[in-house]
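Single-structure report; data block below.
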Amino acid sequence: MSCSWMIPVFAILAFVASAAQADVVEHTFNVATLSLPRICQPGNTSVTAVNGRVPGPQVEAREGDTVVIHVINDSPYNVTVHWHGVFQRGTPWADGPAMVTQCPIRPGHRYTYRFAVAGQEGTLWWHAHSSYMRATVYGALVIRPRRAGGYPFPTPYEEKTVLLGEWWNGDPVALESQSFSTGIPAPNADAYTINGMPGDSYLCPETTNRIAKFEVRRDKTYLLRIINAALNTAFFFKVAGHTFTVVAADASYTEPYATDVIVIAPGQTVDALMAADASPGCYHMAISSYQSAIPFPPRPAGFNGNTSTAIVEYVDATATTDAGSPVLPVMPKPNDTYTANQFYTSLTALIRPGRRTVPLTVDTRMLVTVGLGFSSCQPEQTQCNRSAPVVLANMNNVSFALPNTVSMLEALYRNTADGVYTRDFPDQPPVAFDYTSRGLLGNSPLASTGSPSTKVKTLRYNATVEMVLQNTALVGLESHPMHLHGFNFFVVAQGFGNNDGEAAGAGEFNLVNPQERNTVAVPTGGWAVIRFVADNPGMWAMHCHIDSHFAIGLAMVFEVESGPTPGTTLPPPPPDLPQC
């Protein structure tokens, strides 16, 4: 049986190790310009891609393997690659964020990323970490258990990688450059995608047969590795007629959680088991945006119901089965914060012997506001309207700016921080106020943000850190997916309203089995409390994974000092490290 109204065009992209027993996984990424058809517009557009594909190749390894990726930049842009969620213990130079751990790879140059995936299993991903290039430069990084091990859940019949993305009909890098120059936010994406394809909800000839397809067999169980690679959008994810059991988030195992809807913010991953137990036929897999912002924005034009689709097709149905049109799931409303909060707060960690547990004592406490504010045009914004304020993002009223002469990690290693960054990122906001009051929306003098600067928070090696991430209503309330490089953290509490560091007492904390993540969606008009141990020397960015916010300063960097032994000391840079 087949869904006769469409042509099967989807195939999972995968890279595998060169030999069955290899402990080194080695690949070459050729970064170059690729011409692809526009969506609901005639003609093609030029984008940057890896190995001629969007999404790029899937990298597969086992826990304990070493990954070696040779990146050759034949594009017209500077590029770096970030291995999202990889700890990079002993290899901080391979983390990838431009001007934090390395200078970019210039056009015509190359750089080799070498790192081990030790103590990690599950679904991670890789993406460009310079400008909006990650709109098309991204792919999956799957880390399976060692051969002697196995999953802490029933072995699935097959695994399916599901990469969620956004698509612009113009060059995303050029759009970001124009946005910075003018001080006007870049336009919304022209479409959402599943494995690079828009699906059948965009009713125009240009999308005919551009839909991903996942074939399943009845009564088999599948592991869906779901990755939100979108630049700016959180998604609701459903498959009509099917339910899920979530077993991992951000490559950390969870207690099994049954649900019919998955909520996934930019940067996050979810592993979910799906039983193919519906009547044989064709079913829509669908994503729709979770638009958390208050005031609630209008839906972007051209989004045809704000939903993109793929097909789940039963391949072992009888010939008499009605192929018909696929069933479409009922999606939550775009501003359904209740459903989002229900999902996020229902996940807990699966406790396993020998694995990390939440720290019970705290050395460093921080209350950090995350949100938007206003400032004046910067000198580099050559087309900015200097008679009106521009939007900047900030943490504790500090809008982050990347250095432009040397990477922060090089400055740390060579002890030349002066003129590159300062060690005065504040532990508290400059003024305490009613952070989430709707009365602040868009008209408070507290929204004034100073000029962007490069400030870090220095942490002693092995210090335990507790951060309260507090959303603010200045300019607008919105859920911010905050991603920490170099570490996982435990989400010990989250809620709505204000948390001044005392409001959520220890009695409200989950100090038994809190979910472990590398990216937390701070609730709209609320807060999240995270804990981690600073046991990884280096420069580690923490930033909003909404790229339109990161680009205007919603970021900071932790400078983690070296420990007492050679194995806990910042290593020297590799000989081929790119230079600015």
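Glycine is treated like the rest: Cβ placed from N, Cα and C.
For the Cu cation 3 site, Swiss-Prot lists HIS485, HIS543; matching the candidates HIS109, HIS127, HIS129 against that entry yields HIS129. Swiss-Prot annotates HIS127, HIS545 as Cu cation 2-binding residues; of HIS70, HIS84, the candidate listed for that same site is HIS84. Here HIS483 (Cu cation 1 binding site) is positioned 32 angstrom away from ASN385 (N-linked glycosylation site), judged by their C-alpha atoms. Within the model, the domain 'Plastocyanin-like 2' (158-317) shows a mean pLDDT value of 90, rounded to a whole number. In this structure, the C-alpha atom of ASN335 (N-linked glycosylation site) lies 14 angstrom from that of HIS480 (Cu cation 4 binding site). Inclusion criterion for the recorded positions HIS82, ASN397, CYS544, HIS549: a C-alpha placed within 10 angstroms of the C-alpha of HIS127 (Cu cation 2 binding site); this criterion is met by HIS82.
Straight-line distance linking the Cα atoms of HIS543 (Cu cation 3 binding site) and ASN397 (N-linked glycosylation site), rounded to a whole number, equals 14 Å. Looking only at Cα atoms, ASN78 (N-linked glycosylation site) sits nearest to HIS129 among the recorded positions ASN44, HIS84, HIS129. Listed glycosylation sites: ASN306, ASN385, ASN462; maximum Cβ neighbour count within 10 Å falls on ASN306.
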